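A.B. asks: Supplied in structure tokens, the structure appears directly below.
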């Protein structure tokens, strides 16, 4: 990934205009990449018919994507220290463009699956790269405003993805899911080749192959096992529950060995994923709250469309439109919330934000077969507002609590745990819904049974979200440490 000498950022007391151009570029690239990640779920039934494959095989188009993300994200902390910012971005953007092109022209399932894996390899790098760049380029007093925009990417793209996918599939082929994204991705790549700066000096580190293997088995196996337990209501799972349990147990053991090895390697500053980030209590608490919110958000975004379609009888597009007002609100409020964070700190935003999320999940637990759609839109909008109020303080407070040289590892940890928590949320809520619905009396009717399952699943999420509410009281604003800024990596030459 090493590149020739390129223009570099000049550190200033304010925000370097060239650094802001880089951040805008990364915001666009990350949004497109994460948007693409979430458009495939609704498209799988269309692909099953068009490609002539069973649902259990089609589900691999999302499972393989999540699996690749879980494998690559933990490595990004090392990549961002070992290679130049420009090299990492161009590699990630090139992988995403190549994968999108392969998906667009894929003649069958196997080639399409390869394209999705290549796409995921690029996507996995984008969000950690964005967060690390913000921390290195933006002064402490302005980070909330910029992290507000990063929060939009993380929360808005997953909400918009299913809506966009439904609108496209109603009138066009599934190939347009990739055909519409490819020009934007290529544009970002070409602009990045011109604008992208090298931030910091690459460190001559050697990668520990055993750590990569343990990380891949651990994080990849855990996310895969959780996604299989929650996939397709367990009715069409490609593997038996026993096999999934074995994979998950092997993943947990691998993670234990991985953590032990990182603790040894970080003594000589050679860890693949530096776990010294957890020495910061503020980082640890903020990441824990973020993980609980990710569990609730991704689980809820999966469960809500099932309720809207299976219980209320809405189409996929109509179900996607229910979440659209909340998504738009998040986009509008992101920068505003960031400015409030810069002025007031995390708690005035985070405490009411987590309360809103918990309240919305509780309201969802009261829905039934006759719940009006407008009420669901209002609840989802309130939940989106709560998430918007939470993400920016959590991003800024967690990474801001670390020393500059740990930013890349902190962002890798943050994004890895989001993936794991998201998979756990989907698995937990879908499994709860399916179990409760399956245990209802035979004469109750399918819609009523589904409604009972949804009630219990959302109530479970509401109870879990109380952990985030409690944790919000302990997230503190990192001190504006100018000395730390002085220790930040110097621009590359």
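Positions of Cβ are set from backbone N, Cα and C atoms, glycine also.
Feature list, courtesy of TrEMBL:
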type	residues	note
DOMAIN	22-480	domain 'Major facilitator superfamily (MFS) profile'
TRANSMEM	22-45	transmembrane segment
TRANSMEM	57-80	transmembrane segment
TRANSMEM	87-114	transmembrane segment
TRANSMEM	120-138	transmembrane segment
TRANSMEM	150-169	transmembrane segment
TRANSMEM	209-231	transmembrane segment
TRANSMEM	237-260	transmembrane segment
TRANSMEM	281-307	transmembrane segment
TRANSMEM	349-367	transmembrane segment
TRANSMEM	373-395	transmembrane segment
TRANSMEM	416-437	transmembrane segment
TRANSMEM	457-475	transmembrane segment
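Show me how these features fit into the structure around them.
C.D. replies: The average pLDDT the prediction assigns to the domain 'Major facilitator superfamily (MFS) profile' (22-480) is 86.
Beyond the ends of the transmembrane segment (57-80), by six or more residues, the same chain brings 1, 37, 40-41, 44-45, 47-48, 51, 88, 109, 112-113, 116-117, 119-121, 123-125, 128-129, 132, 205, 207, 212, 215-216, 219-220, 222-224, 227-228, 231-232, 236, 238, 272-274, 408-413, 415-416, 419-420, 423 to within a C-beta distance below 8 angstroms of the stretch.
Long-range contacts of the transmembrane segment (120-138) within the same chain, counting only residues at least 6 positions beyond its ends with a Cβ under 8 Å from a Cβ of the stretch, are 9, 15-16, 19-20, 22-23, 26-27, 29-30, 33-34, 36-37, 64-69, 71-73, 76-77, 79-80, 85, 88-89, 91-97, 99, 146-147, 150, 153-154, 199-200, 395, 399-400, 404, 407-408, 411-412, 414-415, 488-489.
Same-chain residues lying 6 or more positions outside the transmembrane segment (209-231) and placing a CB less than 8 Å from one of its CB atoms are 59, 62-63, 66-67, 69-71, 73-75, 237-239, 241, 244-245, 247-248, 250-252, 254-255, 257-258, 261-262, 265, 271-273, 302, 416, 419-420, 423-424, 426-431.
Here the transmembrane segment (349-367) has long-range neighbours at 289, 293, 296, 300, 304, 307, 337, 340-341, 376, 379-380, 382-383, 385-390, 392-394, 451, 454-456, 458-459, 461-462, 465-466, 468-469, 471-473, 475, meaning same-chain residues at least 6 beyond its ends whose C-beta is under 8 angstroms from one of its own.
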A.B. asks: So if I exclude everything within five residues of the ends of the transmembrane segment (373-395), which remaining residues of that chain have a CB under 8 angstroms from its CBs? That is, six or more out.
C.D. replies: 131, 144, 147-148, 150-152, 154-155, 159, 286-287, 289-290, 293, 297, 300, 304, 308, 312, 314, 322-323, 325-327, 329-330, 333-334, 337-338, 341, 345-347, 349-350, 352-357, 359-361, 363-364, 367, 414, 468, 472, 475
A.B. asks: Which residues of the same chain, at least 6 past either end of the transmembrane segment (457-475), have a Cβ under 8 Å from a Cβ in it?
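C.D. replies: Long-range Cβ neighbours of the transmembrane segment (457-475): 282, 285-286, 288-289, 292-293, 295-296, 299-300, 303, 346-347, 350-351, 353-355, 357-358, 361-362, 364-365, 367, 390, 393-394, 397, 425, 428-430, 432-433, 436.
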